[in-house]
């Protein structure tokens, strides 16, 4: 089974690219969705987060605003949160890969924002990076805010500043998909990759 790693900075268009793979019948592990499930009601991460960050879990529900405040500007607190989440996500990721192998899937996608930072790119046969101009990304973040998201633009810029640079991601990627261009361009790149992998298998 070929493992396709998919990553990119915030609002770079990973979800769009992942949706294109799903449309082609390729199973996708969505790390962000996994985190939301783990932090959701009765999620496995809740008791650990509540213990590490008192006041962030109320009536078995995560107060995301309180958690953001607890880690804002505190690298050691963010590291503590990551130390809780990363092992739990890893368990779910391995379960996903095991299920894909059991079904004899020819390909699967690991959609992970921190793919390179946690070293998961090394296990991938192909690494794809979704990329968009900074102006496009900030516009997407603002649109999410108008759609009911709670993250401020200042918080988003802070997160972007802490992430790996686009230049470094590009350097380590096999393929760069520029989602700021037309959707058709991304579709063609995904189709070309799948065709290449099918030809090689």
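Any Cβ shown, glycine's included, is placed from N, Cα and C.
Among the features that Swiss-Prot reports, ATP binding site is placed at 11, 12, 13, 14, 15, 16. Look at Swiss-Prot and you will find 3-201 tagged as domain 'DPCK', backed by sequence analysis.
DSSP gives residue 14 (ATP binding site) a helix state. There are 22 other Cβ atoms within 10 Å of the Cβ belonging to residue 11 (ATP binding site). For residue 15 (ATP binding site), applying a Cβ distance below 8 Å and a minimum sequence separation of six or more within one chain yields 111.
Confidence in the domain 'DPCK' (3-201), given as mean pLDDT, stands at 89.
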